[in-house]
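Taken verbatim from TrEMBL:
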type: REPEAT; residues: 6-47; note: repeat 'WD'
type: REPEAT; residues: 48-89; note: repeat 'WD'
type: REPEAT; residues: 142-183; note: repeat 'WD'
type: REPEAT; residues: 187-228; note: repeat 'WD'
type: REPEAT; residues: 284-314; note: repeat 'WD'
Amino acid sequence: MRPILMKGHERPLTFLKYNRDGDLLFSCAKDHNPTVWFADNGERLGTYRGHNGAVWCCDVSKDSMRLITGSADQTAKLWNVQTGQQLFSFNFDSPARAVDLAVGDKLVVITTDPFMELPSAIHVKRIARDPEDQTGESVLVLKGPQGRINRAVWGPLNKTIISAGEDAVIRIWDSETGKLLKESGEDVGHKKTITSLTKSADGSHFLTGSLDKSAKLWDIRTLTLIKTYVTERPVNAVAMSPLLDHVVLGGGQDASSVTTTDHRAGKFEAKFFDKILQEEIGGVKGHFGPINALAFNPDGKSFSSGGEDGYVRLHHFDPDYFNIKI
């Protein structure tokens, strides 16, 4: 596996996202400037300038024409992917944490952090076909969870929204009425903050990572726990291979304690687990700080990781990886 080291951010990475075709990789970091790269060779194509706070999350439309980013500057911004032009800014009264475009790209879910006296919230906005017609009005606003909502994604057929965050509870909401449909129980759920959530390629299940040093696989419709992957460090990021039954977990200790530990002791590698057997099958080292972001290319032949060290590492698998007999 040959890693390509991509240096373009001045601050720790927060999120990575491939476009649907797998030829572009978008990265978000605490340095205010979302960046786009060629996913094959790691060449930097450009940055999206306009935020003045850490950028926590992004998503890209199916046709790779629009990018949406959520930032600590209390905005979520829509961009023209090719020109870098800012098309619209959704303004909030608190930091925008997670963004996820619905199937069809006509709706977006955006979460906002608790701030001053405001609780956390989940906002659903319409995305206009013509940027000239774009408005900032919310179709739906959901409140309820305590603490930050770190991730919110669309469920099957855009009928539900799945959210998770600081209170360690996964919730499924009706995306039309805003009614709470299901939530994970204390007996099977995470014990600490849920940091990450990613859906499988077919959208039938999803994976969550938590500071309780585990990742869990769930059925997206019933919220039934399918598998649990246990590791020896807090999990900041999770990803699932679209080709093989592999899940990848990334993490490390808190940024505050990193400087006091040797990087070999910090356990900053991406850990591969067998999705079915729940056993660890390998690891990829390289980062000099905790891994905050992971993403698989939709073709399954490469994956990328983003760390507290400010680097994006792009890993292309050797052909014999796909012949692994486990």
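Keep in mind that glycine also has a Cβ here, set from the backbone N, Cα and C atoms.
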Per-state residue totals over the repeat 'WD' (284-314) - DSSP helix, strand, coil: 0 helix, 17 strand, 14 coil
Intrachain residues whose Cβ lies under 8 Å of the repeat 'WD' (284-314), provided they are six or more past its termini: 1, 3-18, 20-22, 25, 27-29, 31, 37, 39, 42, 196, 201, 234, 236-244, 248-255, 258, 263, 266, 268-270, 272
Averaged pLDDT score, the repeat 'WD' (142-183): 96
